[in-house]
Structures are given as C-alpha cells and as structure tokens.
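Here is the structure we will look at, set down as structure tokens.
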Amino acid sequence: MQLVPLELNRSTLSGISGSISISCWIIVFVPQIYENFYRKSSDGLSLLFVVLWLAGDVFNLMGAVMQHLLSTMIILAAYYTVADIILLGQCLWYDNEEKPAVDPIHLSPANPINENVLHDVFNEQQPLLNSQGQPNRIDEEMAAPSSDGNAGDDNLREVNSRNLIKDIFIVSGVVFVGFISWYVTYCVNYTQPPPVEDPSLPVPELQINWMAQIFGYLSALLYLGSRIPQILLNFKRKSCEGISFLFFLFACLGNTTFIFSVIVISLDWKYLIMNASWLVGSIGTLFMDFVIFSQFFIYKRNKKFILN
C-alpha cells in the first residue's frame, strides 16, 4: 500500500470523524459487559435503560435497512442489537442469581469491628462488598493502613490517576484505530482510478423514505427515554457504582463524531431532513449522557467525603 498525503476537505473530515465514531460504537458495550462480568452483578444498570436502548437499536436497524444506508451502517446496527441482547442477558442472569446471605452475627452491632460499617453494609448508596462478598478493588486500595492521616486522600488520588491514565490510553487507542482504518481505505481508493461518470445520465436525487424516517424518530425517542431511568436510578442511589465510565464516554464520543461527520458534508435542507432523526437522537442522547457524566463526578466527590 502506498502512503498518500491527506487532502483536507469536507469529505475527508467526514470520513475521519465517521470512522472514529464507528470505532467508538464497536467498543462502547465492551467496558460495561466486562464491568458486569467482573462484579458478577448488574445492579448499577437500570433494566429499563437497557430494554429501551435495545428497542431503539431495533428500530434503528429497521430504519437503516429501509432507508438503504451503507452496508457498514446496517451491519453496525445489527451488532448494536446483539450487544444489547448480551447486556440484557447479563441483567436478567445476575438479578436471578442467589445473593449471599447476610450473617447476622458478623454484622451484629455488638461486634465493635463492624460498629462503623453496619449502616453502610445495608445502605445501597455505599456498597462495601460486591455481589460475591469481596471488597471492591478501589475501596480495598483506599483502605490501606498507614500512619499518615492523609494516606486515604493520597491513595484515592493515586487510584484516580491510574484510572485516568488507563482511560486516556484506551480512548486514544480507539481513536487511533478509527483514524488508521479510514486512512487505509483512503490510500487504497486514492491509487484506484476514479469511476467514469456518464454525463448523459441524470444526477440521482436524494429519496426520503418516510417509513424509515418514522422508525428513525422512534429510535431517537427510545434512545432519549432510555437515559431517564438510569439518571433516576443514579440519583436514588446517590452513586454510579456498577456503571462503566468508559461506557458513556465512548457513547458521547461516538455521538459527537457522528454528528460532525453528518453536518460537515452538507447543510442542504433535504440532506438534513433525511438525517434529521439520527441527528436528533445523537444530539439528545449526547445531552443526557452529559447529565450522567455530571453524576459520576458529583457522586464521586460524595463518596470521597463519606470515606474521609
């Protein structure tokens, strides 16, 4: 493959951002599926959130097929649906598993070791144990004994720094893969002769399939509605425990790059109408995901205050 220089234009910018968006959406479900598997629990996720997202992806798939979108988009829509089913399966499986019985002796108020943690054990807002009865990895590290009274803050900052570096590395890798996959295609197409167009043939017009648009708007409404139960669950628990930060980070990045890839091509009204349902869904869910992002940081500070 011959490397070729980039020509920055609307098509190039749209292609790069679109490819990055696809990379984000391919990986988006993996962090949450792993989080559920690691904790052997999905109690941090709202079941209604997963069900509505699955319904939205089903309508998105139907709309993509009816609107005759690119085969890549149809394959991705089908992939999203399968990933949703896996996520839903985890929720149903772990919810039906037997929870470990609580030992009333070890949690007795008469036991001085548990005097300060009895309330927290029964409080969903500050879980000390995961579903297997094992201490959470971060809580374990922050609880490390030290003669320094500020050791808890130092450990917390150290854990947060490691997690931040890890997240930056993962996100950068996904963005890089998205760019490289686009650039390889760009180089291959660059070396091929352009297709010969017959000037006598009329330029094909954009055809709007209104049934596909209806499915697209239904999908957008379901995507928007899916975030509400999750936001309310986080607010009720005063915690984002059990939710993968990368899950929503990749969703935000995927939506942002998708929106840019669409509007950078053209602002023609007919073109925007054809893509309006997908744009509405992406913009709306992006706003809702920012709300969940704010909950991550708000409840993270609350947890630090409680630990101190």
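Any Cβ shown, glycine's included, is placed from N, Cα and C.
Look at Swiss-Prot and you will find Asn9 (among others) tagged as N-linked glycosylation site, backed by sequence analysis. In sequence order, no residues are near Asn9 (N-linked glycosylation site), counting only same-chain partners six or more apart with C-beta under 8 A.
Annotated domain 'PQ-loop 1' per Swiss-Prot: 10-76, in sequence order.
The transmembrane segment annotation in Swiss-Prot covers 13-33 (among others) and rests on sequence analysis.
The topological domain 'Cytoplasmic' annotation in Swiss-Prot covers 34-44 (among others), and the record cites sequence analysis as its basis. Along the topological domain 'Cytoplasmic' (34-44), the predicted structure has mean pLDDT 90.
As annotated by Swiss-Prot, transmembrane segment applies to 45-65 (among others). Residues 32, 36, 73-74, 77-78, 80-81, 84-85, 87-88, 91, 95, 212-216, 218-223, 225-227, 229-230, 232-233, 242-243, 277-278, 281 of the same chain sit 6 or more residues outside the transmembrane segment (45-65) yet have a Cβ under 8 Å from a Cβ within it.
The transmembrane segment annotation in Swiss-Prot covers 69-89 (among others) and is backed by sequence analysis.
Swiss-Prot lists 90-167 (among others) with the feature topological domain 'Cytoplasmic'.
The annotation transmembrane segment is assigned in Swiss-Prot to 168-188 (among others) on the grounds of sequence analysis.
Less than 8 angstroms from the CB of Asn189 (N-linked glycosylation site) sits no same-chain residue that is six or more residues away. The N-linked glycosylation site annotation in Swiss-Prot covers Asn189 (among others) and rests on sequence analysis.
Feature annotation from Swiss-Prot assigns transmembrane segment to 206-226 (among others); the stated evidence is sequence analysis.
Feature annotation from Swiss-Prot assigns topological domain 'Cytoplasmic' to 227-244 (among others); the stated evidence is sequence analysis.
With a cut-off of 8 Å between Cβ atoms, the residues of this chain six or more beyond the transmembrane segment (245-265) that come close are 10-11, 13-15, 17-18, 20-21, 24-25, 27-29, 31-32, 35, 167, 170-171, 174-175, 271-272, 275, 278-279, 282-283, 285-286, 289-290, 292-293, 296. According to Swiss-Prot, the transmembrane segment annotation covers 245-265 (among others).
Under the heading N-linked glycosylation site, Swiss-Prot lists Asn275 (among others). For Asn275 (N-linked glycosylation site), the Cβ neighbour count at a 10 Å cut-off comes to 22, with all displayed protein chains included.
What Swiss-Prot lists as transmembrane segment is 278-298 (among others), and the listing cites sequence analysis. Listed by sequence, the residues of this chain that lie at least six past the ends of the transmembrane segment (278-298) yet keep a Cβ under 8 A from its Cβ atoms are 56, 60, 216-217, 219-220, 223-224, 227-228, 230-231, 234-235, 240, 243, 245, 248-249, 251-252, 255-256, 258-259, 262-263, 272.
What Swiss-Prot records for 299-308 (among others) is topological domain 'Cytoplasmic'.
Most Cβ pairs under 8 A with the transmembrane segment (13-33) among the ranges 69-89, 168-188, 206-226 are made by 168-188. Only residues 6 or more beyond the boundaries of the transmembrane segment (168-188), in the same chain, are considered here, and those with a CB under 8 A from a CB of the stretch are 1-4, 6, 12, 15-16, 18-24, 27, 246, 249-250, 253. When DSSP labels each residue, the domain 'PQ-loop 1' (10-76) comes out as 55 helix, 0 strand, 12 coil, counted as helix, strand and coil in that order. According to its DSSP assignment, Asn189 (N-linked glycosylation site) is helical. Beyond the ends of the transmembrane segment (69-89), by six or more residues, the same chain brings 22, 25-26, 28-29, 32-33, 36, 45, 47, 50-51, 53-54, 57-58, 60-61 to within a C-beta distance below 8 angstroms of the stretch. The residues of the topological domain 'Cytoplasmic' (227-244), classed with DSSP into helix (H, G, I), strand (E, B) and coil, number 11 helix, 0 strand, 7 coil.
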